[in-house]
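What Swiss-Prot annotates here:
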- 1-157: topological domain 'Cytoplasmic' (TOPO_DOM)
- 19-30: region 'Interaction with calmodulin' (REGION)
- 158-178: transmembrane segment (TRANSMEM)
- 179-196: topological domain 'Lumenal' (TOPO_DOM)
- 197-217: transmembrane segment (TRANSMEM)
- 218-345: topological domain 'Cytoplasmic' (TOPO_DOM)
- 346-365: transmembrane segment (TRANSMEM)
- 366-395: topological domain 'Lumenal' (TOPO_DOM)
- 396-413: transmembrane segment (TRANSMEM)
- 414-801: topological domain 'Cytoplasmic' (TOPO_DOM)
- D451: active site, 4-aspartylphosphate intermediate (ACT_SITE)
- D746, D750: Mg(2+) binding site (BINDING)
- 802-820: transmembrane segment (TRANSMEM)
- 821-831: topological domain 'Lumenal' (TOPO_DOM)
- 832-852: transmembrane segment (TRANSMEM)
- 853-872: topological domain 'Cytoplasmic' (TOPO_DOM)
- 873-895: transmembrane segment (TRANSMEM)
- 896-907: topological domain 'Lumenal' (TOPO_DOM)
- 908-929: transmembrane segment (TRANSMEM)
- 930-947: topological domain 'Cytoplasmic' (TOPO_DOM)
- 948-969: transmembrane segment (TRANSMEM)
- 970-979: topological domain 'Lumenal' (TOPO_DOM)
- 980-1001: transmembrane segment (TRANSMEM)
- 1002-1025: topological domain 'Cytoplasmic' (TOPO_DOM)
Amino acid sequence: MSNLLKDFEVASKNPSLEARQRWRSSVGLVKNRARRFRMISNLDKLAENEKKRCQIQEKIRVVFYVQKAAFQFIDAGARPEYKLTDEVKKAGFYVEADELASMVRNHDTKSLTKIGGPEGIAQKVSVSLAEGVRSSELHIREKIYGENRYTEKPARSFLTFVWEALQDITLIILMVCAVVSIGVGVATEGFPKGMYDGTGILLSIILVVMVTAISDYKQSLQFRDLDREKKKIIIQVTRDGSRQEVSIHDLVVGDVVHLSIGDQVPADGIFISGYNLEIDESSLSGESEPSHVNKEKPFLLSGTKVQNGSAKMLVTTVGMRTEWGKLMDTLSEGGEDETPLQVKLNGVATIIGKIGLGFAVLTFVVLCIRFVVEKATAGSITEWSSEDALTLLDYFAIAVTIIVVAVPEGLPLAVTLSLAFAMKQLMSDRALVRHLAACETMGSSTCICTDKTGTLTTNHMVVNKVWICENIKERQEENFQLNLSEQVKNILIQAIFQNTGSEVVKDKEGKTQILGSPTERAILEFGLLLGGDVDTQRREHKILKIEPFNSDKKKMSVLTSHSGGKVRAFCKGASEIVLKMCEKVVDSNGESVPLSEEKIASISDVIEGFASEALRTLCLVYTDLDEAPRGDLPNGGYTLVAVVGIKDPVRPGVREAVQTCQAAGITVRMVTGDNISTAKAIAKECGILTAGGVAIEGSDFRNLPPHEMRAILPKIQVMARSLPLDKHTLVNNLRKMGEVVAVTGDGTNDAPALHEADIGLAMGIAGTEVAKENADVIIMDDNFATIVNVAKWGRAVYINIQKFVQFQLTVNVVALIINFVSACITGSAPLTAVQLLWVNMIMDTLGALALATEPPNEGLMKRQPIGRTASFITRAMWRNIIGQSIYQLIVLGILNFAGKQILNLNGPDSTIVLNTIIFNSFVFCQVFNEVNSREIEKINVFEGMFKSWVFVAVMTATVGFQVIIVEFLGAFASTVPLSWQHWLLCILIGSVSMILAVGLKCIPVESNRHHDGYELLPSGPSDSA
């Protein structure tokens, strides 16, 4: 099978267009192309979207480079005049929405200057740049200037899915057969008897179509909900005089938005103020170089990303008037990329479908030949009646129905169903799966490279210890007793409040609230405990320049001017890095004294001591300058003020989650920017760093020769002081060694590693929009235990699909062979078209619902990972498929060829009674085998069964409908009511398959590291549900 599937391989992430086109061209037999490829990407649409995107990007380039220059020379009178409408005037505004949109879209600096810059626009939209929009005005602003929402494609109706299900070519052929059968039947047998066969087929087709459409419609609603969740972005704005967080969809014209590294620009707008703002416009214009935005070039476009710096912007245009909104409106949905499992199972379906087509043709040919031979023997070869035509039509319907049963198109669709179910459950468990393949791939992961802060720890940081003036002070509940001189205290408060990117605001109840990163919040809270006041500090100093924190420099700097005209630079960051920038230290009198080698060594010991207690350490430093530097702020000559130790407690349950991963064969590696002592202390507390494990610094790792790096990689459990490039190198090399790597990230610089990994996991709280966009899964609560839950559900998806494949292939084999052999030997098929359609629904839609939606049990995380190279259909599965198929073929074969004698069936209705028994026994074999398929290797198949209400409901419905078909729908399904003895016999024949399953599972099959994920029998421990 593996050799046959060589054309059905795609990369687990970002598959090439050529690979997708190759495997689709390999799918030679497709019953319903629209349905089979509906839940995955539409290659034509993707190509069309790319073409449109390029055209729009080219137009935007023209705007940037031609129109921008042209406006320098165009007379203002030639520009379009925008007349102010009464509605706008009545609302208290003095500028039209289209005028604002045109100004920003065309980068019309002349019009902006004429209006009066950001301040002038603020006046025209009746907003204060300091206070922001008033909440009471939101409704009127949305009414006049629009909402910040893009036009959504209308949801497809249920009838669309019904129509799609009807596109199945084999069902269409059967409908034609049914209509002809009704016509011929009524002509020969009269009304209503002549309608039964054809009407039975039509009713079966309607049932199949409705169940299929309902299943697909529910899936589409789930994906639509998930898509809406993906588009939720929280941004920071100033409203009612305070900084607050709002949804991107609640943004209005006039809002003052705060932007920082990694943010998405949420609407079109104008730069108000900021520092070193660089914007990545590649998603909009295609330009790879970042654009520098400042007061001279103040225009910001929706959909672009903040690559560096920070700023405040005034929103001028929202929703469909923005350039991004127009782009989104132009592009149609292209759908999801295929998951590797979908591709592989499409291959399996195609190969089996071709085999089934061969069997169907052979069955039809054999039945026709036997019929012709019988007529020739009877001497009536030249005499043909409408009854003969009806017989041939029945033969053709049986052949077509064999194709319906033979092509297991439910295989790839079961993957979608299972993934959709898992994605919905994970959503309630605080994990948003952005790409289908991620959930599937996560089940195969062999290692997780995780951040520390916020993922392993709570991200609720507090300053726990501080070193200042050669003394270590520890936090006593909510207070610090530092006993500092006024001069030292003032310098420390300055170093805290001047060098921050966060805000201290009052909430509606008047309580102090700190908005910003957890580290910033901890330091500002420390400053407030010292009695500092943010507003006072901001009034006394003017910020001249900011160099924001990033993962490479591991420090943040700010340049300020005092009221007296002095220029002072403040810096804070990783202790061992910032300490090297210091030449002096503040003494107890607030004076700067030289920093000797001995003192540096002493301070380094303090830092090491803090770190060994799992405290994050930061140095706060400053330096006075004669004048403001033109370029970057200095990297030396600073005076050390204090070393703070920040406590970030380990999350409850993380140690247990790490142990779960280790039991599951998943290696957990911690990759952090903290120093190695802090990293090791946290890693030991979490259970990550074990005996024999290696903790290494990023600088040492990146300088290793290739052969040494390969040798040490399997042992690395902690990487400290790492750069984003180190994380990318680690992930890349682990993948080269055959590992399936999941990696977490929250910063903009983590994007390459998230993109490189098999599964990128972005943090929902601490993560930037750039990180989220490059991730496959967003961990909404930033919790490591949630990551483990994603892995558990990924394994459940993989194993559930294995169960379904085992079940469906068994039905395929038996249905094909029993009808073919019977046709060859007896000249008739025991299973009619209506019966085969019912069997098809049992094994396709209902089987997928029952087996592909089983929730995970704890035992899944006690098994080795599947890995990258495992065969999907394992030896254990083949053993079960072959064993069950042989049993069913033997039993049904005996009934078919000797059933009348064994059961002592006589009389004119003996044949239909026997065929009903065969059909009923066949269905009950599948019912019991579906229960068997809940476990591939474990004997106890009932464990946790009643916790899966979907499975129980499907089993109950299947048995209930089978009783109705046999007892009450005989005219349509070619069955007759059975005696209780015959019912007992059918159930007994089906139940024997469960005893057989126990025996089969005791037959050892060769195992390897990457088996199907189940404990080997009989020694495997029992799972707890």
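Even glycines carry a Cβ here, placed using N, Cα and C.
Here the features listed in Swiss-Prot are painted onto the structure.
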{"residue": "D451", "record": "active site, 4-aspartylphosphate intermediate", "Cβ within 10 Å": "26"}
{"residue": "D746", "record": "Mg(2+) binding site", "Cβ within 10 Å": "26"}
{"residue": "D750", "record": "Mg(2+) binding site", "Cβ within 10 Å": "28"}
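Among the listed stretches 158-178, 802-820, 873-895, 980-1001, the one sharing the most Cβ pairs under 8 Å with the transmembrane segment (346-365) is 802-820. Comparing 197-217, 802-820, 832-852, 908-929, 980-1001 for CB pairs under 8 angstroms to the transmembrane segment (873-895), the maximum falls on 802-820. Rounded to a whole value, the Cα-Cα separation of D750 (Mg(2+) binding site) and D451 (active site, 4-aspartylphosphate intermediate) is 10 Å. Within the same chain, the transmembrane segment (948-969) stays apart from the transmembrane segment (158-178): fewer than three Cβ pairs sit under 8 Å, each pair at least 6 residues apart. Beyond the ends of the transmembrane segment (832-852), by six or more residues, the same chain brings 174, 177, 197, 200-201, 203-205, 207-208, 211-212, 215, 394, 397-398, 400-402, 404-405, 408-410, 413-415, 417-418, 421, 800-801, 803-804, 807-808, 811-812, 815, 819, 915, 919, 922-923, 926-927, 930, 933-934, 950-951, 954-955, 957-958, 961, 965, 972-975 to within a C-beta distance below 8 angstroms of the stretch. Here the CA atom of D746 (Mg(2+) binding site) lies 8 Å from the CA atom of the residue listed as 'active site, 4-aspartylphosphate intermediate'. Listed as Cβ neighbours of the topological domain 'Lumenal' (970-979) (distance under 8 Å, sequence separation of 6 or more from its ends, same chain) are residues 196-197, 199-200, 203-204, 832, 834-835, 838, 909, 912-913, 915-917, 919-920, 986. When the topological domain 'Lumenal' (179-196) is classified with DSSP, helix, strand and coil residues number 15 helix, 0 strand, 3 coil. Only residues 6 or more beyond the boundaries of the topological domain 'Lumenal' (821-831), in the same chain, are considered here, and those with a CB under 8 A from a CB of the stretch are 363, 366-367, 370-371, 374, 398, 815, 839, 892-893, 896-897, 914-915, 918-919, 922.
Long-range contacts of the topological domain 'Lumenal' (366-395) within the same chain: residues 177, 180-181, 184-185, 187-188, 197, 820, 823-824, 827-829, 832-833, each at least 6 residues beyond the stretch ends and with a Cβ under 8 Å from a Cβ of the stretch.
A Cβ distance under 8 Å defines the sequence-distant neighbours of the topological domain 'Lumenal' (179-196), meaning residues of its chain 6+ beyond its ends; these are 202, 385-387, 389-390, 393-394, 397, 971-972. If one looks beyond the topological domain 'Lumenal' (896-907) by at least 6 residues along the same chain, the residues whose Cβ comes under 8 Å of a Cβ in the stretch are 818, 822, 825-826, 830, 913-914, 917-918, 982, 985. Within the model, the topological domain 'Cytoplasmic' (218-345) shows a mean pLDDT value of 82, rounded to a whole number.
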